[in-house]
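Take a look at the structure set out below.
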């Protein structure tokens, strides 16, 4: 016992020293600015910090590639499908078409005997349509429904402790005695809905799969995740490949679709190689039920800075698994399609909310670095502090008073994006990933200031994405973007003022003209390809009915 405690202390000290040393090393490399390659007049340079970031991308891609090879090798792994599985669907003001597609995909799941529990966040007449769709798709004679006036934590009007306990027991009994059940309950947020499903199921099943009501599941999605959990008893949770259902509806949803592929098949695949996936996504994930019930109460009652947390449910659920020392994995063999915002403002609000949960959970996650591979510490430091270095770099370049610095920054952003997207195109075998380089502009212009705003308002939970039936427009997300553009505009004005004081040399004029032409040609080429792709694929997808997720 004492030996284990001593080893634990050593691991805590070791991972802490590693993380601090890594951060100090990166900071020193950035401040010193040592250059390996440098041309006259600083038209081009490649330094120590740039080399470190390039190495990170290469190493991350390598381990992602190795993890995908492991996934392919497990293709023929035979397993016994004798474990019990329950699918929990969280629903809130869902678009009727998306909900119907979700439930139709649930009916096509190939895992035998899977139990379906859908909990609707809201019990008013306006929410009844979701229960009607559930009964229609799942079969009125094969499913049960229940309208609960309260939930596990809030009593209904005029309800006593005893009647509340009886209604809670009734919900539990309905869930345990029916293969398919839909219950409506008093509004309480997604975490309340998930808690109801987990609590009602109790320990009656081996594995619990989670799903959102805007998600279309591939028929084999449950089977593939069960395979991962069955192969290693120390894997506590597994997530699948989440793709975009409405990717051709707007430029935002299209760029999100290529970003999703990178996030899951490069970043999370790399994390999976080391058994430390940071977030098992809500649309497609599965957990060992025995673990869930070790922390479900703590998960529900999570507080941050004195307030109960109302977002980041999936990320904290993953963190709770990691806190017990269990691994979390990703499998590209389990797939689903999900809806993503098609309006810029709704996307921006969604990203801000996700950034809040990321930074909050980063702090929680840091307490368990010592229980996992050093890669978990390494990646947390890199991804957690990268936005701050990037902001410092952008401001520095824009306020140096040299127009070439601004142009070089724009060219570098696109070049790095093009290199990453080219590798992704090779790995995926689809040229569409080249558009990932366009996402870098969206990241620099919108997501970067949104991250800073998320930190500044990390304890505010009053806004985010709304239900899909009624879209609520929230303009607060434009505040950080407006501030960011004002800062950049100030740099541009300062640069024009400085450069106007002295004429350009002939060599400088040539470099600026060539750089501008390259940048313009790049945009013309990619935008032309985008228009062609949308015209070709977007029309084909409209009105198409999908029997399988993989058809999309």
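We count from 1, first residue shown onward.
Cβ atoms are placed via backbone N, Cα and C, with glycine included.
These features come from Swiss-Prot:
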CARBOHYD  221  O-linked glycosylation site
MOD_RES   110  phosphothreonine
MOD_RES   328  phosphothreonine
TOPO_DOM  1-11  topological domain 'Cytoplasmic'
TOPO_DOM  67-374  topological domain 'Cytoplasmic'
TOPO_DOM  424-429  topological domain 'Cytoplasmic'
TOPO_DOM  497-510  topological domain 'Cytoplasmic'
TRANSMEM  12-32  transmembrane segment
TRANSMEM  46-66  transmembrane segment
TRANSMEM  375-395  transmembrane segment
TRANSMEM  403-423  transmembrane segment
TRANSMEM  430-450  transmembrane segment
TRANSMEM  476-496  transmembrane segment
TRANSMEM  511-531  transmembrane segment
Secondary structure tally of the topological domain 'Cytoplasmic' (424-429) (DSSP, helix then strand then coil): 5 helix, 0 strand, 1 coil
Which of 46-66, 403-423, 430-450 contacts the transmembrane segment (476-496) most, counting Cβ pairs under 8 Å: 430-450
Euclidean distance between Cα atoms of the residue listed as 'O-linked glycosylation site' and residue 110 (phosphothreonine), Å: 8
Least buried by Cβ count (within 10 Å) of the recorded positions 110, 221: 110
Which of 403-423, 430-450, 511-531 contacts the transmembrane segment (46-66) most, counting Cβ pairs under 8 Å: 403-423
Stretch-level contact, the transmembrane segment (375-395) and the transmembrane segment (430-450), CB cutoff 8 A, at least 3 pairs: yes
Rounded inter-Cα distance in Å - residue 221 (O-linked glycosylation site), residue 328 (phosphothreonine): 17
Per-residue pLDDT averaged over the topological domain 'Cytoplasmic' (497-510), given as an integer: 76
Positions whose Cβ lies under 8 angstroms from the transmembrane segment (511-531), at least six residues beyond its ends: 43, 251, 254, 403-404, 407-408, 410-411, 414, 434-435, 437-438, 504
Cβ neighbour count (within 10 Å, all chains shown) around residue 328 (phosphothreonine): 26
Within-chain partners of the topological domain 'Cytoplasmic' (1-11) [C-beta distance under 8 Å, separation at least 6 from its ends]: 370-371
Other parts of the chain folded back onto the topological domain 'Cytoplasmic' (497-510), taken as Cβ under 8 Å at six or more residues beyond its ends: 41, 401-404
